[in-house]
Amino acid sequence: MADGIKPFSFTGSRFWFIGLFVLCVVGFGQSYFLKLLGQEGDFSYYVHLHVAMMFLWLSLLIVQPILIYKRRNSLHRRIGRVSSILVLTIIVSSVLVIHSQALLQGNAEAKGLTPEEFLIQPVAMAILFLIPYMLAMVNRHKPSIHARYMICTALPSILEPTVARGLFYGFGIQPPLLFIALLTLTSCIFIILIVAERRQETGRHVFPSMLGLYWSMNIIFVAISTGPLGFIWQGFGKWFLSLPLT
């Protein structure tokens with residue numbers, strides 16, 4: 001490695017994902033886990049399925065770096081091969097949860113949104129989960145690039161919904177301030193990662209490209225949901241919500 005620069009290791013990412021796992025339990029505490037213990041926990045089966053699949057995904061993000069650290073590469077690859085089934089289940093359950101939550105009486109209104117506007121963030125998060133996963137699989141034989149894209153499956157698609165619930169239920173922060181806070185947090189984390197590995201020779205393009213994708217997605221969704229182009233998202237939203245999915 002030129003100039004004595006050591007390759008950036010992501011085996012330590014397991015500790016950050018353990019922290020994110022705990023943060024998810026806390027962030028979804030009031031809106032999900034505490035309701036399960038009371039009389040308000042009347043959730044549909046696909047909500048339970050979605051929660052279970054997302055925690056399984058976080059568990060995978062914790063276990064896979066450990067297997068690499070322990071040099072259990074064969075088991076790491078076997079788990080990686082079946083991850084597509086988990087991802088497919090996540091996407092299907094996400095569609096069902098997004099559909100049902102947008103139609104739930106008073107759910108969108110409580111956040112100062114219409115049902116169509118309520119769809120924006122979860123749809124964006126689903127896309128921002130799927131794209132880095134697909135790129136991770138394309139680059140599965142390039143470990144340094146693969147690992148970075150796998151990290152991006154959690155940033156922002158798992159981090160933002162978790163933090164959003166904490167800010168909304170814990171501090172009463174609502175849109176648009178809530179969206180600004182999430183945008184700032186995610187951007188800062190990406191920038192920290194970019195700066196931390198700025199001298200790496202392999203894979204350093206991943207985080208800048210994912211930050212660019214993140215901003216592009218936000219700009220596109222704002223453009224097609226507000227102003228003169230607002231009819232685009234309104235039309236899509238009404239069509240999607242009219243489907244007999246849930």
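From the backbone N, Cα and C atoms, a Cβ is placed for every residue, glycine too.
All annotation found in TrEMBL is predicted automatically rather than curated by experts.
Copied over from TrEMBL, here are the features:
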type     : residues : note
TRANSMEM : 15-33    : transmembrane segment
TRANSMEM : 45-67    : transmembrane segment
TRANSMEM : 79-98    : transmembrane segment
TRANSMEM : 118-137  : transmembrane segment
TRANSMEM : 149-171  : transmembrane segment
TRANSMEM : 177-196  : transmembrane segment
TRANSMEM : 217-236  : transmembrane segment
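Take the transmembrane segment (118-137) and the stretches 79-98, 149-171, 177-196: counting Cβ pairs under 8 Å, 149-171 has the most.
Within its own chain, the transmembrane segment (79-98) has Cβ neighbours under 8 Å at 44, 46-47, 49-50, 53-54, 56-57, 60, 63-64, 67, 119, 122-123, 126, 129-130, 133, 137, 140, 245-246, counting only residues six or more beyond its boundaries.
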